[in-house]
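If you check Swiss-Prot, you get these features:
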type     : residues : note
REGION   : 1-60     : region 'Essential for cytoplasmic localization'
DOMAIN   : 29-138   : domain 'CMP/dCMP-type deaminase 1'
MOD_RES  : T32      : phosphothreonine
REGION   : 209-336  : region 'Necessary for homooligomerization'
DOMAIN   : 214-328  : domain 'CMP/dCMP-type deaminase 2'
MOD_RES  : T218     : phosphothreonine
SITE     : N244     : site 'Interaction with DNA'
ACT_SITE : E259     : active site, proton donor
REGION   : 313-320  : region 'Interaction with DNA'
Amino acid sequence: MKPHFRNPVERMYQDTFSDNFYNRPILSHRNTVWLCYEVKTKGPSRPPLDAKIFRGQVYSKLKYHPEMRFFHWFSKWRKLHRDQEYEVTWYISWSPCTKCTRDVATFLAEDPKVTLTIFVARLYYFWDPDYQEALRSLCQKRDGPRATMKIMNYDEFQHCWSKFVYSQRELFEPWNNLPKYYILLHIMLGEILRHSMDPPTFTSNFNNELWVRGRHETYLCYEVERLHNDTWVLLNQRRGFLCNQAPHKHGFLEGRHAELCFLDVIPFWKLDLHQDYRVTCFTSWSPCFSCAQEMAKFISNNKHVSLCIFAARIYDDQGRCQEGLRTLAKAGAKISIMTYSEFKHCWDTFVDHQGCPFQPWDGLEEHSQALSGRLRAILQNQGN
């Protein structure tokens with residue numbers, strides 16, 4: 001029988017960290033959960049009061065899970081410091097299981113002076129509806145204090161390496177595809193928690209002025225429908241938004257465009273090959289040449305998926321970008337310019353609007369008409 005790792009340890013070996021915190025979304029034979037924690041009093045730049053590691057087996061009794069071990073220790077320690085407010089941070093190899101997630105939510109509800117931030121390397125059973133609901137319950141904010149859950153990126157892995165690993169002063173060396181796996185998990189967690197976009201982010205990036213400066217990011221909102229009895233049925237669990245990854249962010253040396261990040265995550269949806277699906281994207285910029293080529297390849301290789309793209313603006317509509325849009329349309333994608341109807345739909349669906357209605361900006365319809373004419377000319381190979 002394997003030990004239950006009752007006592008916390010201060011550090012782990014390098015191979016142990018690299019093996020157990022490897023962030024490939026689908027991973028087998030990682031049955032030990034490692035939970036690195038830091039506890040500090042609330043306040044800016046306060047040093048941690050305690051920082052150690054709990055371990056536990058995935059399939060052991062609940063009380064042996066590292067999350068429960070932490071709260072068993074913390075509850076006893078908390079009795080001596082009842083009036084103090086604390087910030088707790090976890091860096092954990094697997095996100096908590098369903099039962100642990102519910103127990104964590106209960107603990108936080110009963111002790112509002114404790115806030116918890118959870119950085120996870122991988123998501124546990126992210127496809128299970130009951131687990132998704134448990135995560136949403138844990139992370140909801142409006143009914144009281146809850147946890148904040150995020151996916152570990154390069155900075156968190158580097159921090160754990162320095163704080164919890166026998167690093168021998170060696171620098172953390174990220175494994176192949178760490179940034180790509182981070183983005184996949186980040187998108188999937190956003191779907192589960194139903195993240196919403198800030199209103200200023202939407203209005204700034206989706207403004208459809210004909211000539212804009214300083215809009216270097218591409219935002220992509222998406223939703224998926226399945227054909228059922230000749231009717232398109234919206235799949236609520238398959239909608240969200242993402243943006244491109246800038247160079248040197250999250251470990252990407254060269255950056256990655258939003259459309260490619262989106263294509264990366266679709267295989268994890270496990271769409272039924274015998275069903276028909278319609279994917280609709282609302283993008284702040286139309287795809288560049290390379291992204292258009294990749295999207296064309298995708299729909300050519302996945303005949304059960306149709307693609308509709310509504311763009312707020314046309315990206316660099318000269319030369320190869322025009323060619324890319326024509327290639328994408330020829331492959332079967334429907335490409336259109338966003339109008340008031342699509343802007344309002346995105347506002348209602350993807351933005352944390354707090355009940356405020358969509359307010360169109362000056363010139364929205366005029367800009368949409370002008371851009372629609374330009375797009376028609378491009379797709380008809382007439383130039384400007």
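Each Cβ is built from the backbone N, Cα and C atoms, and glycine gets one as well.
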Exercise. Nearest to T218 (phosphothreonine) in three-dimensional space, by Cα, is which of the recorded positions T32, N244, E259?
Worked result: N244
Problem set entry | For the residue listed as 'active site, proton donor': DSSP state (helix, strand, coil) | helix
Exercise. Can you tell me how far the Cα of E259 (active site, proton donor) sits from the Cα of N244 (site 'Interaction with DNA'), in Å?
Worked result: 8
For this session: May I ask which residues of the same chain, at least 6 positions away in sequence, place their Cβ under 8 angstroms from the Cβ of N244 (site 'Interaction with DNA')?
Result: E217, T218, G255, R256, H257, A258, C261
For this session: Compute the average pLDDT of the predicted model within the region 'Necessary for homooligomerization' (209-336).
Result: 90
Exercise. Within 10 Å of the Cβ of the residue listed as 'active site, proton donor', how many other Cβ atoms are there?
Worked result: 25
For this session: Run through the domain 'CMP/dCMP-type deaminase 2' (214-328) and tell me, per DSSP, how many residues are helix, strand and coil.
Result: 34 helix, 41 strand, 40 coil
For this session: Across all the protein chains here, work out how many other Cβ atoms are within 10 Å of the Cβ of T218 (phosphothreonine).
Result: 24
